[in-house]
Amino acid sequence: HFFCNGNGKGPNLPSTEHLWDFPSLVQKHAYPADELMPLSCRGRVRGMEPSRGDVDDALGKFSLTLIDTLDTLVVLNKLDEFEDAVRKVVLGVRLDNDVVVSVFETNIRVLGGLLGGHIMADMLKAQSVRLQWYKGELLHLARDLGYRLLPAFNTTSGLPYPRVNLKYGVLSPNSRTGTELDTCTACAGTMILEFAALSRLTQETVFEDTARRALDVLWEKRQKGNDLVGTVINIHNGDWVRRDSGVGAGIDSYYEYLMKAYILLGDDTYLERFNAHYMAIMKYISQPPLLLNVHMHNPTVSIRSWMDSLLAFFPGLQVLRGDLKPAIETHEMLYQVTKQHKFLPEAFTSDFAVYWAQHPLRPEFAESTYFLYKATRDPYYLQVGKSIVESLNEYARVACGFAAVQDVRTGRHEDRMDSFFLAEMFKYLYLLFSEKRDLPLDIDDYIFTTEAHLLPLSLSTARPPCPRNMTVPSPLGLFSLKFITELVDPPAGEQPGISPLAVQVISPPFFGRVVLTAGPAQFGMDLTKQEHGVVLSEPYQACAAISNQKEVQGKMALAQRGECMFATKARNLQEAGASGVIFIDNAEGSCSEEMVLFQMVGDGSTGDIVIPLVFLFQKEGQVLLDALSQHRNVDVLLATKPMFLGEGKRNQTVVGAENWLG
């Protein structure tokens with residue numbers, strides 16, 4: 001069995017105690033080939049089998065599955081097999097092959113696999129557990145591969161070619177590549193984690209700098225009116241070739257890497273960009289529980305009624321952001337699709353009908369299931385995981401492993417098992433049913449790449465050597481690392497998330513009995529216990545010059561989130577004479593009881609902003625807006641904790657902050 005029954009976390013749940021010995025089977029039948037052909041029980045060697053088109057661009061004659069599986073072996077506590085696999089890679093893998101490969105796939109699978117393997121090997125050596133002979137050979141291979149990928153970025157824009165020849169680069173007459181005109185957004189925007197990790201580990205900044213430049217181009221080329229990006233972009237002039245915008249194929253991991261680059265590297269720029277994109281996604285693409293593509297220049301109308309399976313990663317990303325409610329809704333929708341078809345079809349319609357029937361054992365749904373279980377500890381997600389395992393065993397299991405499903409309607413198999421099955425699906429399912437104490441590492445000390453390779457959060461302090469290129473972790477960055485790792489198991493006496501602030505309505509008829517939970521800003525003045533009159537900013541979003549300066553003068557201004565950065569709004573209102581700003585979320589129905597508070601970030605140069613700033617979710621903000629519409633004067637007190645006024649604590653109404661009252 002994939003997992004043997006018994007000793008699980010709940011009744012009849014799979015256990016990880018007697019994990020099926022699948023990695024050994026792969027090495028037996030496939031090594032040194034790139035992939036296992038599970039129906040034929042042999043390895044897939046590029047050029048020896050009929051071409052499958054672009055799918056084969058992942059194959060580079062570099063023992064792909066072996067490299068992609070390295071850190072999975074450590075997670076599974078198969079340390080003898082890991083040491084054997086490391087030896088095989090060190091002694092047997094060559095990277096100077098005359099093969100044209102996908103830059104994107106080679107980065108996430110091979111470079112990521114080498115880095116994850118090196119980090120695990122270094123850890124085990126430091127613990128004197130294994131690999132006392134290891135001297136960084138995997139990192140040397142990773143550096144070699146990094147330099148073989150760099151020629152792909154030799155374009156006018158800095159966006160990479162989609163393919164590179166491992167031996168001859170891109171523009172050499174022998175490269176058989178370099179004529180491409182465009183690439184997908186995810187292909188250009190999913191380099192920063194691996195390239196930055198390589199820079200931090202080798203102290204060579206060229207990799208991180210190169211990946212960051214590509215991200216800068218994508219950000220600059222976004223549709224600035226709504227912060228959406230397209231799916232395919234011209235690598236020479238930056239023009240959009242395909243203007244459909246969504247969260248699935250072609251864009252998916254670009255969003256993921258903005259968020260995770262912030263978590264790993266602590267650079268606020270990545271978070272600011274992610275948040276801008278995220279607000280656009282939730283405004284235009286999210287139609288709960290669906291996520292439907294729109295045209296980036298006209299995003300109010302969906303341009304297709306079907307979704308692709310790659311978007312199944314998105315609930316997991318929402319968990320990292322702390323936005324659990326929509327994550328749960330979309331995940332549940334995806335679960336209903338899997339129950340109807342046994343697996344997620346490659347594409348399905350909004351009424352759950354099959355659009356593309358193939359299922360190549362993609363791991364994204366299992367990934368989101370794992371993150372939702374970590375965030376909620378709801379055993380429901382163990383049952384979801386169990387259903388994934390059962391479907392794999394019943395409908396994908398074959399003599400030599402697991403085979404992709406050619407058609408979910410008929411169950412017909414394909415002689416294919418991509419390396420991501422072991423790198424991701426296997427890892428996430430194992431972790432879902434494992435206890436932390438049973439793992440050979442503290443999983444919360446790492447972040448997962450898009451291929452589920454493990455990079456240590458400590459890289460945020462391993463800075464490149466050149467000061468002008470250093471990414472300095474901000475207080476928010478360091479806080480977020482701590483918050484995400486403590487989201488599930490906060491220390492005793494602590495609540496998950498940051499310490500809330502208080503907006504206390506003290507004017508009649510409230511007299512301090514209404515307290516609204518607020519989030520802080522990383523910039524601006526510390527809160528002082530001063531009374532402020534409240535007034536609505538005009539324009540409400542405060543992205544332009546304030547038209548009601550006379551009313552705003554000396555008052556606490558209310559401004560809606562969105563359209564521009566918090567720092568821009570704060571400057572406009574400060575220049576208008578406001579004594580402070582209360583930002584109100586633009587996401588309908590958001591509230592602090594369901595959302596995780598976050599700290600507002602600046603634009604990197606916010607020393608000029610000296611007024612206090614706080615953030616309210618929409619429901620809490622609506623309380624203040626309603627009060628303002630019903631009463632001529634509304635005064636508030638901003639503080640780290642509410643003051644108990646009037647009739648006392650027992651009559652105080654706290655909106656969205658149960659922990660104020662103890």
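Any Cβ shown, glycine's included, is placed from N, Cα and C.
Unlike curated entries, TrEMBL annotations are predicted automatically.
As recorded in TrEMBL, the features of this protein are as follows:
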type	residues	note
ACT_SITE	E105	active site, proton donor
ACT_SITE	D252	active site
ACT_SITE	E346	active site, proton donor
ACT_SITE	E364	active site
BINDING	T450	Ca(2+) binding site
DOMAIN	535-623	domain 'PA'
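In terms of C-alpha distance, the listed recorded positions D252, E346, E364, T450 place T450 closest to E105 (active site, proton donor). Looking at the domain 'PA' (535-623) alone, the prediction's average pLDDT is 87. Long-range Cβ contacts of the residue listed as 'Ca(2+) binding site' within its own chain (separation 6+, distance under 8 Å): I108, T190, L193, S253, E256, Y257, F313.
On a Cα basis, D252 (active site) lies 11 Å away from E364 (active site).
Counting in whole angstrom, D252 (active site) lies 14 from E346 (active site, proton donor) by their C-alpha atoms.
Between the listed active-site residues, namely E105, D252, E346, E364, the fewest other CB atoms within 10 angstroms of a CB are found at E346.
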